[in-house]
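K.L.:
The following feature annotations were taken from TrEMBL:
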SIGNAL    1-24  signal peptide
TRANSMEM  94-112  transmembrane segment
TRANSMEM  124-144  transmembrane segment
TRANSMEM  150-167  transmembrane segment
TRANSMEM  179-200  transmembrane segment
TRANSMEM  259-276  transmembrane segment
TRANSMEM  283-303  transmembrane segment
TRANSMEM  339-360  transmembrane segment
TRANSMEM  372-392  transmembrane segment
TRANSMEM  419-437  transmembrane segment
TRANSMEM  539-564  transmembrane segment
Amino acid sequence: MAVAVGALLVPLSTWFFAVDRTVTEPYLDEVFHVRQAQHYCQGHFDVWDPKITTPPGLYLLSYAFSRLESFQEYIGLGHLRLVPLDCSITGLRALNAVGLILLLLVVRLSYLQRASPETSAHHSLFDHSALNVALFPPLFFFSALYYTDVWSALSVLASYCFLTTAYRDKYGHWTRGTGLLALGLVSLMFRQTNIFWVTAFPAGLVLVKELDRGHEAIRNSMHRRTQGFGDSLYSIAKTSWKMAVIYDPPVRDAQINDYLLTIISIAACLLGIATQPKRLASLFLALAPFLLLAALFLAFILYNGSVVLGDKANHTATLHLPQMLYLWPFTAFFSWPLLLPYLLLTPVVLLTWLPLFSALECAQRFKRAPSLLPRLLLALLLLTLTSAIIHYNTLVHPFTLADNRHYIFYVFRLLLRPWYLRYAASPLYLLSAWACLQTLGTEPTDTQLFAPHPSDLERRLPVPNAQHSARLSFTLVLLATSTLQLVTAPLVEPRYFILPWVFWRLHVPLRIPVWRAGKKRDRGARWSWERWWAEYDHRLWIETAWLVAINAGTGYVFLFWGFAWPQEPGKVQRFMW
């Protein structure tokens, strides 16, 4: 843990002090946030800027943060001001730097909670992966500015960690429900769209857990497509309804039609439980904190007249399906080191669609049954659907093309001119989506030797253990939650994709080294740097280098490539996410 925190402190402190020295005045949205926070620090809680759209969680936290200075002086430590704790712009920005460090610790905790017994001691790999999450450019960039993104993401991850802890350690219904409700409300104080991650996402996981009560032998029969259990859609639905077992294969073994079969299986289990009052009451009790939180949020919307607090005219919820298309190239751009095996294999797989090269399918290293990519006809249908979504539902918010300080301005200017480029991007959307979902199933076959037993948490909640493939139920819950958050937003901003990326990245399986796996034959083996290096997940090193390079590049551009608008001469404008 200390190594990960120290590794983050080097770029974080460099970035923070560079911004603090160069950008001495509030920049862009900081103008509203800093002014509002300073009102709160002065005790003016009745003052509110109508241009601010998010709740006052960050400002209340800043107020509490600033009170620590008085506490330091009270206990006689006022001279130890390593970080300014007042409500100056430096002090307010420092709060986000602290938040990023806490986020790293929470991500690391999440890995440890989900790890199998054989791998829970492998802290170095979890530390490294948590460091990479903290280095995610849209998060890292705003750790030196006074925006809500860092603490918003941190609050959601804290709620998720409490959920996994509560189920792993078997908290009582009252303790678990109260904690989830309280943390959900705290998260909503930072950003309203967190509602989906503190209600829909955990509720989906709990729903699957409550519905799937059948015997493991029946589940295995369904996965093997045994006659009468899983050999047809009807048999899967019948088995799920009668025996309360969800058809839930790992992503690594699934085809596209398996996603539909899992949805049908969940629906059949839900219909089956409707005829059992005791199980129905148990399900309602398990979902109660999320239902109550959703009801409170709905009451807020009805009272407020909108999801946002201010500037309601420019932030109206709108159906925007292409957001789910933009998510996948966004993820692939930042995480290509994790997707690399699939991206490199794509040309080979495409050739297998041609009869002349069909023999190449047998040589695929990461072979799935019966193939890696969907068949040609299905791929064409998906391309048609993608093109239809682009044609009928592409929305360009006035803010997107009105502000050339954001990178998204240049992305959209490229996509919209000439007109056909937006359709030419369809294969990129599908390829990156396929690679991202398949990466959730990345699992070299020999890892089965290292962690054959599920963790205590996996037996009680359907979440991946950070080593083995995610299951389809988890993937569907993740996709559904990401969809709910994104398709209701008319404005396209990289910051909106932070939580979908973080939750995807958090559950990508890692390749646990053999020497720490806990097998009897390896416990007596002598540890060495050579063996550690040979068996480490080297994708993480490439990912670290890539994320650091992006942060260095965007940071340099922000600090030193300023420009001026003709209508605002002498005022420096800066490029940012």
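Glycine too: its Cβ is placed from the backbone N, Cα and C atoms.
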K.L.:
Which residues, given as numbers and ranges, are at least 6 beyond the ends of the transmembrane segment (539-564) yet have a Cβ under 8 Å from it?
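P.N.:
Residues packing against the transmembrane segment (539-564) from afar: 11, 15, 18-19, 22-23, 125, 128-129, 131-132, 135-137, 140-141, 334-338, 340, 510-511, 570-577.
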K.L.:
Tell me whether the transmembrane segment (179-200) sits in contact with the transmembrane segment (124-144), defined here as at least 3 Cβ pairs under 8 Å among residues 6 or more apart in sequence.
P.N.:
no
K.L.:
Can you name the far-off residues of the same chain, 6+ from the ends of the transmembrane segment (259-276), with a Cβ under 8 Å from a Cβ of it?
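P.N.:
Cβ under 8 Å, 6 or more out: 207-208, 210-212, 233, 236-238, 240-242, 244-249, 283, 472-473, 475-476.
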K.L.:
How about long-range neighbours of the transmembrane segment (283-303): same chain, 6 or more residues beyond its ends, C-beta under 8 Å?
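P.N.:
Distant Cβ neighbours of the transmembrane segment (283-303) are 173, 176-178, 180-181, 184-185, 188, 192, 195, 198-200, 202-203, 206-207, 209-211, 273.
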